[in-house]
Amino acid sequence: MITAPIRTTARDTQIFDLISKEAHRQEEGIELIASENFTSKQVMEAMGSVLTNKYAEGLPGKRYYGGCQVVDQVEQIAIDRLKKLFGAEWANVQPHSGAQANAAIMIACLNPGDSILGFDLSHGGHLSHGSPVNMSGKYFKAHFYGVEKESGLINMDIVEATALKVKPKMIICGASAYSRDWDYARFRKIADSVGAILLADISHPAGLIAKGLLNDPIPHCHIVSTTTHKTLRGPRGGVIMMGKDFENPFGLKTPKGETRMMSNVLDMGVFPGTQGGPLEHVIAAKAVAFQEALSTDYLQYAKQIQKNAQIMAEAFLKKGYDIISGGTDNHLMLIDLRSKNLTGKEAENALIRADITINKNMVPFDDKSPFVTSGMRVGTAAITSRGMVGDDMIRIVEMIDTVLMNQTKDSVIETVRKDVNNWMAQYPLYI
(Lines of atoms letter the chains of each structure in order from A; the text may use other names.)
(Lines give C-alpha, C1' and ligand atoms only; values in the text may rest on other atoms or scores of the structure.)
Protein backbone atom coordinates (compact mmCIF):
# COMPACT_ATOMS: atom_id res chain seq x y z
CA MET A 1 0.00 0.00 0.00
CA ILE A 2 1.37 3.42 -0.96
CA THR A 3 1.29 5.68 2.08
CA ALA A 4 3.38 8.56 0.69
CA PRO A 5 3.63 10.40 -2.63
CA ILE A 6 5.21 8.26 -5.35
CA ARG A 7 8.01 10.80 -5.75
CA THR A 8 9.38 9.85 -2.31
CA THR A 9 9.60 6.13 -3.06
CA ALA A 10 13.07 4.73 -2.40
CA ARG A 11 15.25 4.50 -5.49
CA ASP A 12 15.60 1.00 -6.95
CA THR A 13 19.38 0.87 -6.80
CA GLN A 14 19.53 -2.73 -8.01
CA ILE A 15 18.05 -1.83 -11.39
CA PHE A 16 19.59 1.61 -11.76
CA ASP A 17 23.05 0.29 -10.95
CA LEU A 18 22.61 -2.17 -13.81
CA ILE A 19 21.46 0.64 -16.12
CA SER A 20 24.62 2.52 -15.18
CA LYS A 21 26.72 -0.55 -15.97
CA GLU A 22 25.05 -0.86 -19.36
CA ALA A 23 25.75 2.82 -20.05
CA HIS A 24 29.43 2.23 -19.31
CA ARG A 25 29.44 -0.86 -21.55
CA GLN A 26 28.01 1.14 -24.43
CA GLU A 27 30.37 4.06 -23.87
CA GLU A 28 33.56 2.02 -23.54
CA GLY A 29 33.10 -0.44 -26.40
CA ILE A 30 32.87 -0.47 -30.18
CA GLU A 31 29.30 -1.28 -31.22
CA LEU A 32 29.11 -3.05 -34.57
CA ILE A 33 25.81 -4.93 -34.32
CA ALA A 34 24.01 -3.88 -37.49
CA SER A 35 20.58 -3.66 -35.85
CA GLU A 36 21.72 -1.35 -33.04
CA ASN A 37 22.27 2.38 -32.84
CA PHE A 38 22.42 5.20 -30.29
CA THR A 39 19.41 7.50 -29.98
CA SER A 40 19.64 11.18 -29.18
CA LYS A 41 19.03 12.44 -25.65
CA GLN A 42 15.69 13.94 -26.64
CA VAL A 43 14.49 10.60 -28.02
CA MET A 44 15.22 9.03 -24.62
CA GLU A 45 13.59 11.96 -22.82
CA ALA A 46 10.39 11.44 -24.80
CA MET A 47 10.41 7.72 -23.96
CA GLY A 48 10.81 8.49 -20.27
CA SER A 49 7.94 11.00 -20.19
CA VAL A 50 4.50 11.03 -18.55
CA LEU A 51 3.01 9.84 -21.83
CA THR A 52 3.73 6.32 -20.58
CA ASN A 53 0.81 6.78 -18.18
CA LYS A 54 -1.84 7.25 -20.89
CA TYR A 55 -3.98 4.55 -22.45
CA ALA A 56 -5.13 5.41 -25.97
CA GLU A 57 -6.72 2.49 -27.83
CA GLY A 58 -7.80 3.53 -31.29
CA LEU A 59 -6.51 6.27 -33.59
CA PRO A 60 -6.18 10.05 -33.19
CA GLY A 61 -9.70 11.47 -32.92
CA LYS A 62 -11.21 7.97 -32.65
CA ARG A 63 -10.24 6.66 -29.22
CA TYR A 64 -11.95 4.26 -26.84
CA TYR A 65 -10.69 6.25 -23.83
CA GLY A 66 -11.19 9.83 -22.73
CA GLY A 67 -8.41 12.30 -22.00
CA CYS A 68 -6.57 11.66 -25.27
CA GLN A 69 -6.55 15.24 -26.54
CA VAL A 70 -2.80 15.61 -26.00
CA VAL A 71 -1.65 12.17 -27.15
CA ASP A 72 -3.84 12.61 -30.23
CA GLN A 73 -1.65 15.56 -31.19
CA VAL A 74 1.55 13.67 -30.42
CA GLU A 75 0.56 10.69 -32.54
CA GLN A 76 -0.66 12.83 -35.43
CA ILE A 77 2.65 14.71 -35.47
CA ALA A 78 4.49 11.37 -35.62
CA ILE A 79 2.29 10.24 -38.53
CA ASP A 80 2.74 13.50 -40.45
CA ARG A 81 6.51 13.55 -39.98
CA LEU A 82 6.86 9.93 -41.06
CA LYS A 83 4.80 10.53 -44.21
CA LYS A 84 6.94 13.54 -45.04
CA LEU A 85 10.18 11.63 -44.42
CA PHE A 86 9.31 8.81 -46.82
CA GLY A 87 6.85 10.51 -49.16
CA ALA A 88 4.03 8.19 -48.07
CA GLU A 89 0.32 8.92 -48.33
CA TRP A 90 -0.63 6.85 -45.28
CA ALA A 91 1.14 5.63 -42.16
CA ASN A 92 0.47 3.87 -38.86
CA VAL A 93 3.02 4.53 -36.10
CA GLN A 94 1.57 2.21 -33.45
CA PRO A 95 3.35 -1.15 -33.97
CA HIS A 96 5.48 -2.01 -30.96
CA SER A 97 8.20 -3.51 -33.17
CA GLY A 98 9.04 -4.44 -36.73
CA ALA A 99 7.91 -8.00 -36.14
CA GLN A 100 4.61 -6.68 -34.74
CA ALA A 101 4.19 -4.52 -37.83
CA ASN A 102 4.72 -7.53 -40.10
CA ALA A 103 2.34 -9.65 -38.03
CA ALA A 104 -0.33 -6.95 -38.28
CA ILE A 105 0.10 -6.74 -42.05
CA MET A 106 -0.21 -10.50 -42.45
CA ILE A 107 -3.24 -10.70 -40.18
CA ALA A 108 -4.84 -7.93 -42.25
CA CYS A 109 -4.01 -9.34 -45.69
CA LEU A 110 -3.92 -13.12 -45.34
CA ASN A 111 -5.97 -16.06 -44.15
CA PRO A 112 -4.46 -19.03 -42.30
CA GLY A 113 -2.86 -21.38 -44.79
CA ASP A 114 -2.26 -18.76 -47.48
CA SER A 115 1.10 -18.94 -49.23
CA ILE A 116 3.80 -16.32 -48.76
CA LEU A 117 7.18 -15.92 -50.46
CA GLY A 118 10.05 -14.40 -48.49
CA PHE A 119 13.82 -14.26 -48.28
CA ASP A 120 15.31 -17.39 -46.69
CA LEU A 121 16.34 -16.81 -43.07
CA SER A 122 19.50 -18.85 -43.55
CA HIS A 123 20.48 -16.59 -46.46
CA GLY A 124 19.94 -13.35 -44.54
CA GLY A 125 16.17 -13.07 -44.18
CA HIS A 126 14.17 -12.34 -41.04
CA LEU A 127 12.16 -14.54 -38.69
CA SER A 128 8.96 -12.63 -39.41
CA HIS A 129 9.13 -13.41 -43.15
CA GLY A 130 8.01 -17.03 -42.85
CA SER A 131 10.34 -18.81 -40.45
CA PRO A 132 8.67 -21.95 -39.01
CA VAL A 133 9.47 -20.80 -35.47
CA ASN A 134 7.56 -17.54 -36.05
CA MET A 135 3.82 -16.99 -36.43
CA SER A 136 4.45 -16.11 -40.08
CA GLY A 137 5.61 -19.66 -40.71
CA LYS A 138 3.15 -21.36 -38.38
CA TYR A 139 -0.06 -19.83 -39.71
CA PHE A 140 0.91 -19.36 -43.36
CA LYS A 141 2.49 -21.65 -45.94
CA ALA A 142 5.95 -20.16 -46.36
CA HIS A 143 8.11 -20.46 -49.47
CA PHE A 144 11.52 -18.90 -49.90
CA TYR A 145 13.99 -17.44 -52.35
CA GLY A 146 17.68 -16.98 -51.58
CA VAL A 147 21.02 -15.95 -53.02
CA GLU A 148 23.15 -17.73 -55.56
CA LYS A 149 26.08 -19.66 -54.12
CA GLU A 150 28.77 -18.11 -56.30
CA SER A 151 27.68 -14.47 -56.35
CA GLY A 152 25.88 -14.13 -53.03
CA LEU A 153 23.23 -12.13 -54.90
CA ILE A 154 19.49 -12.61 -55.35
CA ASN A 155 18.66 -13.89 -58.84
CA MET A 156 15.43 -12.18 -59.81
CA ASP A 157 14.70 -14.72 -62.53
CA ILE A 158 14.65 -17.43 -59.85
CA VAL A 159 12.40 -15.27 -57.66
CA GLU A 160 10.00 -14.92 -60.59
CA ALA A 161 10.05 -18.63 -61.38
CA THR A 162 9.38 -19.48 -57.73
CA ALA A 163 6.50 -17.01 -57.54
CA LEU A 164 4.92 -18.42 -60.69
CA LYS A 165 5.20 -21.90 -59.24
CA VAL A 166 3.85 -21.34 -55.71
CA LYS A 167 1.42 -18.46 -56.46
CA PRO A 168 1.88 -16.64 -53.14
CA LYS A 169 -0.74 -14.26 -51.77
CA MET A 170 2.10 -12.09 -50.44
CA ILE A 171 5.71 -11.53 -51.50
CA ILE A 172 8.14 -10.04 -49.00
CA CYS A 173 11.34 -8.26 -49.98
CA GLY A 174 13.72 -7.29 -47.22
CA ALA A 175 16.33 -8.88 -44.99
CA SER A 176 18.35 -8.70 -41.81
CA ALA A 177 21.71 -9.67 -43.30
CA TYR A 178 21.76 -8.80 -47.01
CA SER A 179 24.23 -6.08 -47.96
CA ARG A 180 22.91 -5.21 -51.41
CA ASP A 181 20.14 -2.96 -52.69
CA TRP A 182 16.73 -4.28 -53.75
CA ASP A 183 15.04 -4.15 -57.15
CA TYR A 184 11.59 -3.15 -55.90
CA ALA A 185 10.31 -2.40 -59.41
CA ARG A 186 11.08 -5.94 -60.57
CA PHE A 187 9.55 -7.39 -57.41
CA ARG A 188 6.35 -5.43 -58.15
CA LYS A 189 6.17 -6.82 -61.68
CA ILE A 190 6.51 -10.32 -60.26
CA ALA A 191 3.89 -9.65 -57.59
CA ASP A 192 1.45 -8.29 -60.16
CA SER A 193 1.98 -11.33 -62.38
CA VAL A 194 0.70 -13.66 -59.65
CA GLY A 195 -1.78 -11.29 -57.98
CA ALA A 196 0.26 -10.96 -54.78
CA ILE A 197 0.49 -8.15 -52.27
CA LEU A 198 4.09 -6.86 -52.19
CA LEU A 199 5.48 -6.01 -48.76
CA ALA A 200 8.87 -4.35 -48.38
CA ASP A 201 10.44 -4.67 -44.94
CA ILE A 202 13.11 -1.96 -44.92
CA SER A 203 13.96 -2.20 -41.22
CA HIS A 204 17.72 -2.18 -41.78
CA PRO A 205 18.29 0.38 -44.56
CA ALA A 206 15.32 2.67 -43.77
CA GLY A 207 17.45 5.68 -42.87
CA LEU A 208 19.44 5.41 -46.09
CA ILE A 209 16.28 4.97 -48.16
CA ALA A 210 14.66 8.00 -46.52
CA LYS A 211 17.55 10.19 -47.67
CA GLY A 212 17.61 8.86 -51.23
CA LEU A 213 20.80 6.80 -50.91
CA LEU A 214 19.18 3.50 -51.89
CA ASN A 215 16.28 2.40 -54.09
CA ASP A 216 12.90 3.60 -52.83
CA PRO A 217 10.19 0.96 -52.23
CA ILE A 218 7.39 3.46 -51.67
CA PRO A 219 6.46 3.94 -55.38
CA HIS A 220 6.55 0.20 -56.10
CA CYS A 221 5.42 -1.81 -53.06
CA HIS A 222 1.83 -2.04 -51.86
CA ILE A 223 2.95 -1.88 -48.22
CA VAL A 224 6.21 -0.91 -46.50
CA SER A 225 7.17 -1.78 -42.93
CA THR A 226 10.20 -0.78 -40.91
CA THR A 227 11.59 -0.59 -37.44
CA THR A 228 12.38 2.87 -36.09
CA HIS A 229 15.77 2.10 -34.58
CA LYS A 230 18.70 0.77 -36.65
CA THR A 231 19.61 3.36 -39.32
CA LEU A 232 16.63 5.59 -38.40
CA ARG A 233 18.26 6.09 -34.97
CA GLY A 234 14.97 6.27 -33.11
CA PRO A 235 13.39 4.26 -30.29
CA ARG A 236 12.75 0.55 -30.59
CA GLY A 237 9.48 0.23 -32.46
CA GLY A 238 7.81 -0.29 -35.82
CA VAL A 239 5.68 1.53 -38.40
CA ILE A 240 3.66 0.67 -41.52
CA MET A 241 3.36 2.88 -44.62
CA MET A 242 1.78 2.99 -48.06
CA GLY A 243 2.81 5.21 -50.95
CA LYS A 244 -0.82 5.31 -52.10
CA ASP A 245 -3.95 4.11 -50.36
CA PHE A 246 -6.18 1.81 -52.42
CA GLU A 247 -9.31 -0.29 -52.19
CA ASN A 248 -8.57 -3.64 -50.61
CA PRO A 249 -8.47 -6.49 -53.15
CA PHE A 250 -9.90 -9.04 -50.72
CA GLY A 251 -13.56 -8.05 -51.03
CA LEU A 252 -13.78 -6.67 -47.48
CA LYS A 253 -16.71 -4.31 -46.97
CA THR A 254 -17.77 -1.72 -44.41
CA PRO A 255 -21.07 -2.20 -42.52
CA LYS A 256 -22.58 0.10 -45.17
CA GLY A 257 -21.44 -2.25 -47.93
CA GLU A 258 -18.64 -0.01 -49.21
CA THR A 259 -15.25 -1.47 -50.14
CA ARG A 260 -12.81 -0.82 -47.32
CA MET A 261 -9.62 1.06 -48.09
CA MET A 262 -6.34 -0.72 -47.36
CA SER A 263 -5.50 1.94 -44.78
CA ASN A 264 -8.53 0.85 -42.77
CA VAL A 265 -7.68 -2.84 -43.22
CA LEU A 266 -4.12 -2.27 -42.01
CA ASP A 267 -5.19 -0.03 -39.13
CA MET A 268 -7.44 -2.83 -37.92
CA GLY A 269 -4.63 -5.32 -38.38
CA VAL A 270 -2.68 -3.33 -35.80
CA PHE A 271 -5.61 -2.61 -33.47
CA PRO A 272 -7.53 -4.65 -32.57
CA GLY A 273 -5.89 -7.32 -34.73
CA THR A 274 -2.56 -7.72 -32.95
CA GLN A 275 -2.26 -5.01 -30.29
CA GLY A 276 -4.20 -3.20 -27.61
CA GLY A 277 -3.16 0.24 -26.46
CA PRO A 278 -0.33 1.99 -28.31
CA LEU A 279 2.80 3.09 -26.45
CA GLU A 280 2.36 6.85 -26.72
CA HIS A 281 5.68 7.60 -25.00
CA VAL A 282 7.44 5.55 -27.68
CA ILE A 283 5.35 7.19 -30.40
CA ALA A 284 6.50 10.57 -29.09
CA ALA A 285 10.09 9.35 -29.32
CA LYS A 286 9.42 8.17 -32.88
CA ALA A 287 8.15 11.65 -33.74
CA VAL A 288 11.35 13.19 -32.36
CA ALA A 289 13.50 10.76 -34.36
CA PHE A 290 11.54 11.46 -37.56
CA GLN A 291 12.13 15.19 -37.11
CA GLU A 292 15.84 14.53 -36.65
CA ALA A 293 15.88 12.39 -39.80
CA LEU A 294 14.27 15.20 -41.80
CA SER A 295 17.29 17.44 -41.16
CA THR A 296 20.19 18.11 -43.52
CA ASP A 297 22.57 16.96 -40.77
CA TYR A 298 20.95 13.55 -40.91
CA LEU A 299 21.60 13.35 -44.65
CA GLN A 300 25.31 13.77 -43.98
CA TYR A 301 25.07 11.15 -41.24
CA ALA A 302 23.38 8.65 -43.57
CA LYS A 303 25.98 9.26 -46.27
CA GLN A 304 28.74 8.64 -43.73
CA ILE A 305 27.14 5.36 -42.61
CA GLN A 306 27.22 4.13 -46.19
CA LYS A 307 30.74 5.38 -46.85
CA ASN A 308 32.02 3.86 -43.60
CA ALA A 309 30.52 0.49 -44.50
CA GLN A 310 32.16 0.50 -47.91
CA ILE A 311 35.56 1.41 -46.47
CA MET A 312 35.22 -1.24 -43.77
CA ALA A 313 34.23 -3.90 -46.29
CA GLU A 314 37.26 -3.09 -48.43
CA ALA A 315 39.51 -3.30 -45.37
CA PHE A 316 38.14 -6.74 -44.50
CA LEU A 317 38.68 -7.91 -48.07
CA LYS A 318 42.29 -6.73 -47.97
CA LYS A 319 42.75 -8.83 -44.82
CA GLY A 320 41.55 -11.90 -46.68
CA TYR A 321 38.03 -12.08 -45.25
CA ASP A 322 35.21 -13.37 -47.45
CA ILE A 323 32.28 -10.94 -47.62
CA ILE A 324 29.06 -12.40 -48.99
CA SER A 325 28.33 -10.74 -52.38
CA GLY A 326 31.80 -9.17 -52.29
CA GLY A 327 30.85 -5.87 -50.65
CA THR A 328 28.00 -3.67 -49.47
CA ASP A 329 25.56 -1.05 -50.70
CA ASN A 330 24.07 -0.25 -47.31
CA HIS A 331 25.25 -0.15 -43.68
CA LEU A 332 26.17 -3.78 -43.12
CA MET A 333 28.21 -6.71 -44.34
CA LEU A 334 27.98 -10.45 -43.79
CA ILE A 335 31.38 -12.11 -43.41
CA ASP A 336 32.00 -15.81 -44.02
CA LEU A 337 34.66 -16.90 -41.52
CA ARG A 338 35.25 -20.40 -42.85
CA SER A 339 38.33 -19.29 -44.78
CA LYS A 340 39.78 -18.20 -41.43
CA ASN A 341 38.87 -21.51 -39.76
CA LEU A 342 36.60 -19.69 -37.32
CA THR A 343 32.95 -19.98 -36.35
CA GLY A 344 30.70 -17.03 -35.74
CA LYS A 345 30.35 -18.03 -32.10
CA GLU A 346 34.12 -18.07 -31.62
CA ALA A 347 34.45 -14.66 -33.26
CA GLU A 348 31.65 -13.11 -31.23
CA ASN A 349 33.01 -14.41 -27.93
CA ALA A 350 36.59 -13.38 -28.66
CA LEU A 351 35.58 -9.86 -29.69
CA ILE A 352 33.39 -9.39 -26.61
CA ARG A 353 36.52 -9.90 -24.50
CA ALA A 354 38.01 -6.90 -26.33
CA ASP A 355 34.83 -4.81 -25.86
CA ILE A 356 34.01 -5.06 -29.58
CA THR A 357 30.43 -6.19 -30.19
CA ILE A 358 29.29 -8.00 -33.34
CA ASN A 359 26.84 -10.85 -33.75
CA LYS A 360 27.38 -14.34 -35.06
CA ASN A 361 25.27 -14.95 -38.14
CA MET A 362 24.50 -17.78 -40.51
CA VAL A 363 25.84 -17.39 -44.03
CA PRO A 364 24.16 -18.76 -47.16
CA PHE A 365 24.51 -22.54 -47.44
CA ASP A 366 25.87 -22.70 -43.89
CA ASP A 367 26.65 -26.14 -42.49
CA LYS A 368 26.55 -24.99 -38.87
CA SER A 369 23.63 -24.35 -36.52
CA PRO A 370 22.23 -20.87 -35.76
CA PHE A 371 23.83 -21.17 -32.32
CA VAL A 372 27.30 -21.59 -33.83
CA THR A 373 27.19 -20.25 -37.43
CA SER A 374 29.97 -19.76 -39.96
CA GLY A 375 29.76 -16.00 -40.14
CA MET A 376 29.47 -12.67 -38.43
CA ARG A 377 27.41 -9.61 -39.26
CA VAL A 378 28.95 -6.16 -38.93
CA GLY A 379 27.29 -2.74 -39.25
CA THR A 380 28.39 0.90 -39.14
CA ALA A 381 25.30 2.84 -37.98
CA ALA A 382 26.22 3.00 -34.28
CA ILE A 383 29.89 3.88 -34.70
CA THR A 384 28.92 6.58 -37.21
CA SER A 385 26.59 8.04 -34.58
CA ARG A 386 29.68 8.47 -32.40
CA GLY A 387 31.36 10.54 -35.09
CA MET A 388 33.69 7.95 -36.57
CA VAL A 389 34.80 8.22 -40.20
CA GLY A 390 36.70 6.32 -42.89
CA ASP A 391 40.16 5.99 -41.34
CA ASP A 392 38.53 4.76 -38.14
CA MET A 393 36.99 1.86 -40.06
CA ILE A 394 40.43 0.66 -41.11
CA ARG A 395 41.63 0.82 -37.51
CA ILE A 396 38.59 -1.13 -36.31
CA VAL A 397 39.24 -3.88 -38.87
CA GLU A 398 42.86 -4.04 -37.69
CA MET A 399 41.64 -4.53 -34.12
CA ILE A 400 39.12 -7.18 -35.11
CA ASP A 401 41.71 -9.08 -37.11
CA THR A 402 44.21 -8.95 -34.24
CA VAL A 403 41.65 -10.42 -31.85
CA LEU A 404 40.43 -13.13 -34.21
CA MET A 405 43.94 -14.24 -35.10
CA ASN A 406 44.93 -14.36 -31.41
CA GLN A 407 41.88 -15.86 -29.71
CA THR A 408 43.89 -17.90 -27.23
CA LYS A 409 46.27 -15.08 -26.28
CA ASP A 410 44.67 -13.28 -23.36
CA SER A 411 47.42 -10.66 -23.20
CA VAL A 412 46.89 -9.65 -26.83
CA ILE A 413 43.13 -9.37 -26.38
CA GLU A 414 43.58 -7.38 -23.16
CA THR A 415 45.85 -4.94 -24.99
CA VAL A 416 43.22 -4.47 -27.69
CA ARG A 417 40.52 -3.98 -25.05
CA LYS A 418 42.50 -1.18 -23.39
CA ASP A 419 43.10 0.43 -26.77
CA VAL A 420 39.36 0.22 -27.50
CA ASN A 421 38.41 1.79 -24.16
CA ASN A 422 40.94 4.62 -24.48
CA TRP A 423 39.87 5.29 -28.06
CA MET A 424 36.15 5.33 -27.29
CA ALA A 425 36.75 7.85 -24.51
CA GLN A 426 37.48 10.30 -27.35
CA TYR A 427 33.96 9.74 -28.73
CA PRO A 428 31.60 10.34 -25.79
CA LEU A 429 28.04 9.17 -26.34
CA TYR A 430 26.11 11.64 -24.22
CA ILE A 431 27.78 14.85 -23.10
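Keep in mind that glycine also has a Cβ here, set from the backbone N, Cα and C atoms.
Here Phe371 ((6S)-5,6,7,8-tetrahydrofolate binding site) comes close to Lys345: these same-chain residues lie at least six apart in sequence, with C-beta atoms under 8 angstroms from its C-beta. Per Swiss-Prot, (6S)-5,6,7,8-tetrahydrofolate binding site is recorded for Leu121, Gly125, His126, Leu127, Ser369, Pro370, Phe371.
According to its DSSP assignment, His229 (site 'Plays an important role in substrate specificity') is coil. Its Cβ taken as reference, His229 (site 'Plays an important role in substrate specificity') is surrounded by 26 other Cβ atoms within 10 Å in the chains shown. For His229, the entry in Swiss-Prot reads site 'Plays an important role in substrate specificity', with the evidence type sequence analysis.
Residues or ranges marked as N6-(pyridoxal phosphate)lysine in Swiss-Prot (evidence: sequence analysis): Lys230. Using a 10 Å Cβ-Cβ cutoff, Lys230 (N6-(pyridoxal phosphate)lysine) registers 27 neighbours.
Cβ packing within 10 Å was compared across the binding-site residues Gly125, Pro370, and the lowest neighbour count falls to Pro370. Once Cβ contacts within 10 Å are tallied over all protein chains shown, the binding-site residues Leu121, Leu127 are led by Leu121.
Packing around Ser369 ((6S)-5,6,7,8-tetrahydrofolate binding site) is summarised by its Cβ count: 10 other Cβ atoms lie within 10 angstroms of its Cβ, all protein chains included.
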